[in-house]
Amino acid sequence: MRSALAAALLLMAHAAHAGSPPRGFVDAATVIPGLVVEMRYTTPQNFIGRPIPGYKAPRCYLTKPAADALKCAADGLHGHGYALKVYDCYRPQRAVNAFVAWGRDLRDQKMKQAYYPDVDKRSLFRLNYIASRSGHSRGSTVDLSMVPLERKVALESGRADIRACDSKAGARTDDGSADMGTGFDCFSDMSHTASPRVSETQRANRNLLRSFMRECGFYNNRSEWWHYTLRNEPYPSTFFDFPVE
């Protein structure tokens, strides 16, 4: 009951202040100096190949505790010559619903070559690549990588790049990030954080990111090297649906 009331109050606050996150949430770029924001779902550069409902602006909304913890990780990585790059932060439930609808449409495989070249689309639900709920909708989960400080730019995403996400570096989309072995949102076992199929350098990059994220209060989804959730998230049972704008 309290969770439902909190969600209602947040949505009312957001309606009164369109263009800014509701109470309890912040734009992470205002908390973390130098954060590289590359919100893929506002662009065609994602596994569906078009902008996703609910994403009206390339902003990284997170709960305040998650943003503060992410700043901790960013500060630590800065000392190693890296900035953080975020691909997705808070995700409206309507976007999750769009993913589910796309997953059920077996005719739409426009981005197969780029994002799931070796996976049958019929298996995406069984393999948990697509689900009806996402931790992102609770506001304390983030998809991210790290970028050498001298390459702190976001990918130009006016059109979709269809190079396979699990190809070798140089043969897949280069968004300026450290080489993690696959691209973001790559539906492949190579994306598993501890995959034995990646090189020593790629594994070291994943481990460096994970070490600072863990130290600052996040845990990793072992199937996705880029996916982290705040351990003590403030809304563990609430799935929000306000737009990112």
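Quick reminder: no glycine exception, Cβ is built from N, Cα and C everywhere.
Residues annotated as signal peptide in TrEMBL: 1-18. The feature site 'Transition state stabilizer' is assigned by TrEMBL to ARG91. If you look up TrEMBL, you'll see HIS136, ASP143, HIS227 marked as Zn(2+) binding site. Annotated active site, proton donor/acceptor per TrEMBL: GLU224, in sequence order.
Taking the features listed in TrEMBL, we show where each one sits on the structure.
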| residue | record | Cβ within 10 Å |
| --- | --- | --- |
| ARG91 | site 'Transition state stabilizer' | 26 |
| HIS136 | Zn(2+) binding site | 24 |
| ASP143 | Zn(2+) binding site | 23 |
| GLU224 | active site, proton donor/acceptor | 19 |
| HIS227 | Zn(2+) binding site | 23 |
Check: same-chain CB within 8 A of Zn(2+) site center, minus HIS136, ASP143, HIS227: TYR87, ASP88, CYS89, ARG91, SER134, GLY135, THR141, VAL142, LEU144, ASN221, GLU224, TRP226, TYR228, THR229
Inter-residue C-alpha distance, HIS136 (Zn(2+) binding site) and the residue listed as 'active site, proton donor/acceptor' (nearest angstrom): 14
Rounded inter-Cα distance in Å - GLU224 (active site, proton donor/acceptor), ASP143 (Zn(2+) binding site): 9
Helix, strand or coil at HIS136 (Zn(2+) binding site) [DSSP, three-state]: helix
Nearest-integer angstrom distance between the alpha carbons (Cα) of ARG91 (site 'Transition state stabilizer') and ASP143 (Zn(2+) binding site): 11
